[in-house]
Structures are given as structure tokens and as C-alpha cells.
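Asker: Structure in C-alpha cells, see below.
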């Protein structure tokens, strides 16, 4: 190697320092610091960083699935489908509650979708074909319900479940990609979750904000046709996202089938532990006992005689404001509540959840008008408080679920816990539908709606008696037995040939 005289080295360093100072001086004068401009540039710089560290098509996949499919479609679907059942099918609110419960079936099946993507590759690919399947399912389902006249309620319900199945399949598939990349580049795991959360929240805001507008101008049935657009992008994503094809499909399929059997035995062993089944039971019962009266309230919101007769656009804006309030709830939890023990936090969160439900009762009985509070202001305030409290209640349950997962099968077991939560939500919808039917709450008769909400609130308070099922441990403590923290029965890592959304830079050593 060539060497240089120390004086020459000093001159070179001095010259480089001088040039750097000149560049900095020029940068400060040509690009004066603008905090607003920096705030605008940071998200784009962050996305550029992720695209450089990971495959750009993977980042595109996260934005497509979480932003368009889950964020926009999920929120838009919620509002437009409610108007479809009310104005087109003219179904009673108690029956709609039963229908909405069936929307959760594709989400309850999430572990099955995940196993299918592992066990049944198509043409050597494990993920790409399932994005295409999700896209085609969503396109056909949305167009069928939007373009068919006088569609039977059962057929329409099947189509709407198909739309939800499209979202669920795409969600499971991209989650597998996210898990893979989070393991390969651990330093970006939190960034990937932030990207998912941001895309989902942004998509939900757009979906809620535009849903009422399209229902007003296209009608509820025509507005459902727009749900065919996000699946088109899912189909395209299946052809453009990078994935290395597998070359030894038969041996890999046999290996994965064996690992599925090991995973099932591991989940059975884990769920039998009191440290696991008790908090899992609490999460299920806390969701089930909080029966949903949403459809009765929605019909009342839009009724011109008994209710405040909110417009279609305003209903969408209510949910849009609620979506922003959910983000506030996440920030409150992240900044101030994540260090509290599980039992204490969930007790007070459930108590606030029950108390906040009394705002619905106040609104239905029109006590807000007696207090001089206009309907438009009160419903926005109620939605914000309800969403913030719901998010604060939900976040520790998600963290608790992650603490219950054994090593090696953590992904599969977490999907099982999410299935239990989805089953709780289904039970909540069906339980609310039974109560609305029993109290004779119909499309035009809301006499007993206040009683249904009162029953719901009493059940929320009763959930406090089950808090003993939640561990007293802190949110960072180990909750499951030590023998479940070993990988002696766990599923081994997926073969490197299974999915290669390869980072553009070198993988970190582990």
C-alpha cells in the first residue's frame, strides 16, 4: 500500500475540511431550514430508506394491502354495507347484526389461510398466487353485488363475505412477508409495524371520509362497486412482488406438513396452561359480553322521525373522526400506559369503557338536548371518547396476546389468539342481534333501543368481575412456563427457499 508524507496528509485533511465548510455554508444559504418542509420530507425519506434496505416491491405490497385493501376497503365497506342492508335490502337491524357477525368468518379462518400459503405452493411460489387469489375473489364479489339487480339477501351476504375474505387472505399473506423481513433485518421490525399502522390509518381516514359521499351520489349498491378497485391492485401485486420460486416442492411440502402436526400439538400443550387459557378466556368474554347494538343505533341515526336524521356524508365523517381518535388512543397508550401491570390497566380500561357507553344512552334518550348540546357536536364527542377508550382497552390485550405465545410457533399461536378475538366479536354481534330482536327494535320502532344499550352497558360493568383471569404481571414480564420457552416441540424456521423477499443490502448476522 502506498504511504504519504504526514504533511501531505495534513494538507489533504485541511482541504477536505475547508471544502466541507464551504458546502455547509452553501447548503445553509441555498436551503434555509424550514421545519414544515422537513416534516413533509421525512415520510418520503423514510419510505426511501425502507425501499433501499428492503425490496421496493415488498414496501409496495405493504402499502397496497394495509393502505388500500385493509385500511380503505375495511372502513369504506363498513359504512356502505350498512346503507346497503338498510336502503336496498331493507333488512331489520337485528338481522343485519347476525349478517355482520358472519363477516368475521374469514378472519376466524386466518390460521387456515396461513397454513395454505405454507403447505400448498403454486408453481413453486408460496405468496404470489395467494395475492392473485385474494384479488380475484374481491373483484368478483364486489362486482356481483354491485351490478346484480334484485339480488337475494343470502347471495348478497355471500358476496360481502367474499369481499372480507379477499381482505383477510391478503392480510395473512403480507403478514408472512413482514414476519420474514422482520427476522432477517431486526432493526427494521418496528419500522415495518409503523408503516403498517400508518397505511392502515391513512386508508381508513380516506375510506370513512368518502363513503358517505359515494353513497349519496351513486347509491349504496353502486358505491359497493368501488370495492372492486383495491382487489385489482392486489392481483397486480401478485405478479410484481418479488419472490424466489422453490425448486424442491415435494420434499418441502412433506416437511411443512410434518411441522404443521408438531405446531398443532404445541398449541394444544400451550393452551392447556392456566397462564394461557385464563387470559385468553378473559379476552373472549370481554368481547362477547360487550354486545353490539351498532345496527340499531345506525338505523336510529338516519331515521328522519325518531332520530337526528344524520345525512350519509355526515355518518361517514363521524367514523372518520373516530379513526383519528383511535390514533390518539394509540399515542396515549404508547406514551403513558405501557409500563402499567396488565390487571390494573385492563381493569381501569374496562371501567372507562363501561362508563363511556353511558354517552350512547344519553344520546338515545336525547338528554344532550336538555343540556343544550346539539346532536352533531354530541355524537362527534361521543365517537371520539369511545374510540380513544376502546383503543386503550384493546392495545394491552394485543400485547398480552404476544406474551402468551411460545417460541417457534409464535406466529401460528398468535393467529389462534386472534381467531379467539374474532370469535368474540362474532358472538358480540350475534348477542346484540338477539337482544335487538327480543326488544322489538325494528327499522322504524326504536322505543326499546335505550333498554338494549342499558343492557349492553350493564354487561360491560359485569366484565370487571372477570378481571382475576388477567395476570398481575407487568407488560414486559415472562408469562408462560419456562418449558414453553424452548423450541423442543416448536416448528422450525421456514426454509430459505420458501420466501425470499430479499433485502437489497446485506442481511445482518444473528
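Glycine too: its Cβ is placed from the backbone N, Cα and C atoms.
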Asker: Can you say which of 8-27, 28-47, 128-147 is given as transmembrane segment in TrEMBL?
Answerer: 128-147
Asker: According to TrEMBL, which of these ranges is transmembrane segment: 281-302, 369-390?
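Answerer: Of the candidate stretches, TrEMBL labels 281-302 as transmembrane segment.
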Asker: Between the stretches 58-77, 195-216, 314-333, 345-367, which wins on the count of C-beta pairs under 8 angstroms to the transmembrane segment (222-242)?
Answerer: 58-77
Asker: So which residues does the transmembrane segment (195-216) touch in its own chain, when a touch means Cβ under 8 Å and the partner is 6 or more beyond its ends?
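Answerer: For the transmembrane segment (195-216), the sequence-distant neighbours (Cβ-Cβ under 8 Å, at least 6 residues beyond its ends) are 47, 50, 59, 62-63, 66-68, 70-80, 83, 178, 222-223, 226, 311-317, 319-320, 322-324, 326-327, 330.
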Asker: May I ask whether the transmembrane segment (58-77) has at least three C-beta pairs under 8 Å with the transmembrane segment (153-174), counting pairs 6 or more apart in sequence?
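Answerer: Contact between the transmembrane segment (58-77) and the transmembrane segment (153-174): present, because at least 3 Cβ pairs are under 8 Å.
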Asker: Tally Cβ pairs under 8 Å between the transmembrane segment (345-367) and each listed stretch (58-77, 128-147, 281-302, 314-333), then give the stretch with the top tally.
Answerer: 281-302
Asker: Quickly jot the same-chain residues contacting the transmembrane segment (281-302) by Cβ under 8 Å, restricted to those at least six beyond its ends, or write none.
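Answerer: Beyond its ends, the transmembrane segment (281-302) has Cβ neighbours at 82, 86, 93-94, 96-97, 100, 308-310, 312, 315, 346, 350, 353, 360, 364, 379, 397, 400-401, 417, 420-421, 423-425, 427-429, 431-433, 435-436, 441, 443, 446, 449, 452-453, 455-456, 459-460, 462-463, 466-467, 469-470.
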Asker: In the same chain, which residue numbers or ranges, 6 or more beyond the ends of the transmembrane segment (128-147), come under 8 angstroms Cβ to Cβ?
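Answerer: Distant contacts of the transmembrane segment (128-147): 61, 69, 73, 84, 113, 116-117, 121-122, 155-156, 158-163, 165-167, 169-170, 172-173, 221-222, 224-228, 230-239, 241, 243.
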